[in-house]
Amino acid sequence: GGYVANSLAIMTDALHMLTDLSGIILTLLALWLSAKSPTKRFTFGFHRLEVLSAIISVLLVYILMAFLLYEAVQRTIHMDYEINGDIMLITAAVGVAVNLIMGFLLNQSGHLHSHSHSHPHSHVPQSNSPNTAHSGSHGHSSLAVRAAFVHALGDLVQSIGVLVAAYIIRFKPEYKIADPICTYVFSILVVLTTVRILCDTGVIILEGVPRHLNVDRIKEDLMKIEDVYSIEDLNVWSLTAGKTTAIVHLQLVPGSSSKWEEVQFKARQLLLNTFGMYKCSVQLQSYKQEISKTCASCQSSSA
């Protein structure tokens, strides 16, 4: 519609929709990859393909956005273009209608989740109920639906902005400068939407600690485990978004080497359950007193 109407505002709005579509595709890709078994060559599985796909999709969006911004600047300078106001108005109206329908469906879905899973199971203790994890997952689903609803509202506001610009251009063609102005505004929205993705994927590629975890806090909790003397090494990174991995090397207190299984179990439970690790490896060693070694040059100089 934007191409036929020669409207950059419509095309930029479509570009923003493309970022949402790429997010959905990445989610589906993550679900598909999580079901694939690791191979002899890729022992961690194929989770990093999701990160690679995210970078490619964002770069594609930026290339298209740069082209649209260039055209918007040219139109602002020269003003030698014509826009089909009727097609632009119809396309913008369809965009607003679709966003309204999507927001309505998401809102109804959120209400259905909250009503169908809000009743208490008073006849079963909560701690022993097998439905605890089930209700928790539905709670997360409800949060995801509400987040999608809020995002749909943002898309609706943008579509309404395009509709207002289309209305102005249709009935006041001399104000066609509204079209490139919308492109400038929506390009900023696209950057704000995608810059977080680039930052997160950069941290994953560089094997940094995810933003929701604090290494010092993990070390403090590990040191609280009985019979742990010190933490020799701790590495935390992500295979992909939401799949954090940790390797920790613990030293046991003197005389407690027989309790290594219990310490290892507690450390694994802490990492997996408390900090939500996807995978973890806990290495243990007995207490070894550090012996300071004098270097050969110092020995020769003292002699």
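Quick reminder: no glycine exception, Cβ is built from N, Cα and C everywhere.
The shown structure was predicted, so the numbers you read here are calculated from the model rather than taken from an experiment.
Record features (TrEMBL):
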DOMAIN    1-206  domain 'Cation efflux protein transmembrane'
TRANSMEM  14-34  transmembrane segment
TRANSMEM  54-73  transmembrane segment
TRANSMEM  85-106  transmembrane segment
COMPBIAS  113-122  compositional bias 'Basic residues'
COMPBIAS  123-139  compositional bias 'Low complexity'
TRANSMEM  148-169  transmembrane segment
TRANSMEM  181-198  transmembrane segment
DOMAIN    210-285  domain 'Cation efflux protein cytoplasmic'
Ranking 14-34, 148-169, 181-198 by Cβ pairs under 8 Å to the transmembrane segment (54-73), which is first?
181-198
Please determine whether the transmembrane segment (181-198) and the transmembrane segment (85-106) are in contact (criterion: at least three Cβ-Cβ distances under 8 Å, sequence separation 6 or more).
no
Beyond the flanks of the transmembrane segment (85-106) by 6 or more, those residues with Cβ under 8 Å of it:
1-2, 4-5, 7, 9-10, 13, 145, 148-149, 152-153, 155-156, 159-160, 162-163, 165-167, 169-171, 173
Counting each residue once, how many in the domain 'Cation efflux protein cytoplasmic' (210-285) are helix, strand and coil under DSSP?
27 helix, 30 strand, 19 coil
